[in-house]
Each structure stands twice: as structure tokens, then as C-alpha cells.
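One structure below.
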Amino acid sequence: MNSPEPGVSPVLPCAATLHSGVMDMLFTMLGGKGMSGLLKTGTAILTTLLVLPALLKLFIVTVDEGWAAIRTRNGKPIIRNRPQRRPSARAGAVGEVVVLHPGSHGAFPLFYWYKLIDVRCRATDLPAREMTGSSGHQHRVHASFEWRPIPTGSDLRVFELDVVNVKERASNIVGAALRDVIRGLEGAELPHNDEINTRVIAASAEEVRRACGVELVRVMVTGDALTDGYLLSTALRDVDRGAQAVAALHALN
């Protein structure tokens with residue numbers, strides 16, 4: 001067996017040489033300038049992915065569809081006290097609240113806060129009422145109405161500042177209009193809901209908007225019946241008429 005000559009070092013295998021080169025490269029990267037470069041790169045990536053989006057949220061307000069936002073300060077809506085520099089179709093007039101419609105808006109200055117308002121349609125039941133038609137028929141009526149806030153500066157000012165309980169106030173207005181409509185109807189049966197809805201909205205929609213800042217969408221009678229008192233009085237009258245008829249027949253005999 002051949003042995004290496006004296007003074008000559010043996011040749012290392014190729015795999016060992018490659019492993020040594022990789023380790024040297026790792027030590028170089030982890031030491032000094034290499035580690036500093038890695039930290040800078042990682043910091044830049046984290047800043048781009050996390051910090052910048054968070055900062056943008058401080059300067060941009062996003063309002064989703066079906067919602068509106070009004071500016072507030074210390075929990076109170078901000079009333080516009082001077083006209084806008086660039087008038088637009090959606091710009092509110094002096095004396096109205098500042099409204100943000102669906103979309104992204106710049107939030108300058110940062111101390112302005114925003115309150116989201118749900119402007120989607122909702123329904124409210126009216127309390128059951130006994131109403132008398134023009135022919136004297138008494139109906140016990142169950143009804144409800146659908147409404148939604150109107151996202152304009154003037155209407156949202158009424159909705160937010162002028163009315164304590166919008167549903168109660170709107171219910172009174174709609175209930176009074178429904179009573180007036182039924183009072184002018186004849187017959188023992190109420191007409192179709194479409195006719196009642198058209199009449200009540202025509203009679204009360206403007207008043208509901210002016211007094212509550214909401215849009216009256218639809219009025220529906222969900223149930224009605226002649227009252228027990230009316231049925232009892234009708235039965236008593238029929239009995240009296242029967243007795244009178246019998247007495248008249250006896251008189252003829």
C-alpha cells in the first residue's frame with residue numbers, strides 16, 4: 001500500500017471542502033456587516049408590510065356601502081359653520097352636519113373622529129289600534145312601517161340632534177295618517193295594502209322627513225279584524241230589529 005511522501009499533506013475529499021465553504025459563508029453573514037445587512041432588510045420588510053398600512057389608517061377613513069359617517073368632536077356631531085372652498089353636489093350647507101358617503105376619505109386633521117350611521121332599511125311595528133271607518137265599522141288594525149335614515153347633512157342633523165327617539169316620533173306621525181286614511185274608507189273590509197301604503201305615504205312622508213330626518217319606505221297592515229264591541233253592538237241591533245218585526249206581525253194578526 002502506497003503511503004504519502006513525507007512533508008506532503010493528504011488531499012481532503014470534495015464534500016468536506018464544500019461543507020467548509022458553506023460554514024465560512026454563514027459565519028461571514030452572521031458576523032459584523034452581514035448581520036447588519038440582514039437586520040436592515042428585515043426592518044424594511046416589516047415596515048412595508050405592517051407599519052405603513054397602520055399609518056395609512058390614521059389618515060384614511062373607509063365607509064362601507066349601506067353606511068354613512070358624520071364627523072364628531074368630543075362625541076358631538078360637527079356642524080358646518082362656513083361654506084366649503086370647493087362646492088360639490090354632496091357638500092353640505094352651513095348649519096348641517098359633515099357627512100362622509102361610502103368610499104375612502106382623507107382624515108385631516110387627525111383629531112376629527114367619525115361616527116358610523118346605519119342607513120339601511122328597517123321596520124317598526126305600530127301598536128294595535130281600534131279605528132272607525134266612514135260607515136261606522138270599527139277595525140282593530142295591526143300595522144308596521146319601513147324607514148331608513150337619509151344620508152344628507154340636513155336630514156342627519158335632525159336624526160342625530162333634534163329627535164330623542166326617532167321610532168316613537170315617526171310612529172305617531174304614521175299612526176295618525178293611517179287613522180285618517182281608514183276613517184275615510186267605507187265597508188267592513190279594508191282595501192289592499194298597496195292602496196293603503198300609497199295613501200299613507202302621500203299623507204305623511206314629507207312630515208316624517210321634516211320631523212325625523214328619515215325616509216318613509218312602506219306602510220303595511222299586517223292584520224285587521226272588526227272589533228268585539230262593534231260585533232256585539234251589531235248583534236244587539238239585529239236582535240232589536242227581530243223583536244220589532246215579530247211585534248209588527250202580531251199587530252197585523
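Any Cβ shown, glycine's included, is placed from N, Cα and C.
Quick caveat, the model's predicted, so the values are computed rather than measured.
Here the transmembrane segment (44-63) has Cβ contacts under 8 Å with residues 69, 100-108, 110, 114, 116 of the same chain, all six or more residues outside its ends. Taken from TrEMBL, the feature transmembrane segment covers 44-63.
Annotation comment: TrEMBL describes 62-222 as domain 'Band 7'.
As a whole-number mean, the pLDDT of the domain 'Band 7' (62-222) in this prediction is 87.
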